[in-house]
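Annotation source Swiss-Prot lists NAD(+) binding site at Tyr146, Gln208, Asn231. Positions annotated as substrate binding site by Swiss-Prot: Ser254, Gln276, His279, His345, Asp378, Glu432, His437. According to Swiss-Prot, the feature Zn(2+) binding site maps to Gln276, His279, Asp378, His437. For Glu344, His345, the entry in Swiss-Prot reads active site, proton acceptor, with the evidence type sequence analysis.
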Amino acid sequence: MTQIINKDEVQETSSKKLTIKTANSIDQAQFELRKITERTSGTVQDEAIKVVDDILKNVRERGDEALTEYTSRFDGFLTEKFQVSSDLILKAWEETPRELQDSLLLAKKRIEKFHSLQVPKNITYTGPNGETLGRRWSPVEKAGIYVPGGRAAYPSTVLMNAIPAYVAGVNQIIMVSPANSQGEINQTVLAAAHITGINKIFRLGGAQAICALASGTESIPKVDVITGPGNIYVTLAKKKVYGKVGIDSLAGPSEILIIADQSAKLEHVASDMLAQSEHDPLASAILITTNTKLAEKLPAEINRQLINHPRLKICQESISNWGLIVLCDDLETCAQLSDTFAPEHLELLVEDPKKLSESINNAGAIFMGPWSPEAIGDYLGGPNHTLPTSGTARFAGALGVETFMKNTSLIDFSKEAFNENKNAVVQLANSEGLHSHAESIRIRDSKSF
């Protein structure tokens, strides 16, 4: 059975049960999951593409002049100086309450430790005829980090993007983030930047910030890789500049899928779903469960926890439009449905989460058991919280140190190795009709050096 939580029902009292929509087959459940995956496609995106195209064209042609105009129009303040001074960044850190400083430092320590384990190793191989082959990793020169503003401040985004770049050995880490109408970036965001090795910070947001990083302007350095989440305009801008620069991913609205059995606690499931829904009206929270009572009681518990919620409207819109409950006969079916959806975040609130996790192939991150809520991973678990969304966990993974690195192949053939392999190369080149490829082998074969 599939239960979709409707907006009007969320606003009713918790004593009234929400209507349950029954799915006649697994196919019906998969259909509902596909609708969630595709929730950002359509007319809105088409209109946004036109806006982004205009912004990219203007920034490329007019540089800082265009940035000034867009900042005034979209962010509400007028400036020709986008860079945040080092004094302001230090001041933000010094004025951060000690307890929050300690929390930021703890998160930094844990994230840095985990990501230091990801640094790829160079490899060297000596072939049978003395040829030396290798693969060498090196960091990009400059990385651009986008930190969103808007509905909330995200110092965790600073940590999760800047620390992997720092660990990778990136020479210059450039951060952009939209300021408020007074031209100020959130103080905790600046405090997080202070401790993560960021070299420069610019008060700049939206598609215009992405274009500035990709192309460079009079004041904004051109970078090699751009990472960080944003709204639909930021995401489309990243899509447009990809190929000119590297990017981490095309992030869609956030999502969580929870698989729960008889051992799951109702209040845990509800709170974890709301923790996802409070991000954004387009965020999605899904429960797939074998527990009939949990499925029946969850709407009322969500309603109860929404009482006096500071982000009530966002949660209601998210849950009502993109919340989903699926009741299954067994955990194997739950896992199969989860793999079909390929969630960004997957929580396993089951009796044996490690065993169930072994049957999961498609998930950005898996949170196992009652003591590993998604919020742990969002802030300081260690693994990165920048994860594939909208079904892309089928082929993509989390942001990591390698996002800010590239590899170079090394080939050093000896004369003996050349002679041993030359005939095969000529045959292969001829089969492709590439005369000069074959000739580059023959000419060496005929010369003595």
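Every residue, even glycine, has its Cβ placed from backbone N, Cα and C.
Structure with Swiss-Prot features highlighted.
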residue	record	Cβ contacts under 8 Å, 6 or more apart
Tyr146	NAD(+) binding site	Asn161, Met175, Val176, Ser177, Gly205, Ala209, Ile210, Leu213, Ile226, Thr227, Gly228, Pro229, Gly230, Val234
Gln208	NAD(+) binding site	Ile55, Val59, Ala66, Leu67, Tyr70, Thr71, Phe74
Ser254	substrate binding site	Gln276, His279, Asp280, Ala283, Ser284, Glu344, His345, Thr389
Asp378	substrate binding site	Ser156, His385
His437	substrate binding site	Val425, Ala429
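Under the three-state DSSP scheme, His345 (substrate binding site) falls in the strand class.
The two recorded residues, Glu432 (substrate binding site) and Asn231 (NAD(+) binding site), show a Cα separation of 46 Å. Taking the binding-site residues Asn231, Gln276 in turn, the residue surrounded by the fewest other Cβ atoms inside 10 Å of its Cβ turns out to be Asn231. DSSP assigns His437 (substrate binding site) to a helix. Once Cβ contacts within 10 Å are tallied over all protein chains shown, the recorded positions Glu344, Glu432 are led by Glu344. The binding-site residues His279, His345 differ in how many other CB atoms lie within 10 Å of their CB, and the one with the most is His345. The substrate-binding residues named in the record, Ser254, Gln276, His279, His345, Asp378, Glu432, His437, extend over a maximum Cα to Cα distance of 56 Å. According to DSSP, Tyr146 (NAD(+) binding site) sits within a strand segment.
Listed in chain order, the extra residues whose Cβ falls within 8 Å of the Cβ center of the NAD(+) site residues Tyr146, Gln208, Asn231 are Pro148, Val176, Pro178, Gly205, Gly206, Ala207, Ala209, Ile210, Gly230, Tyr233, Val234, Ala237.
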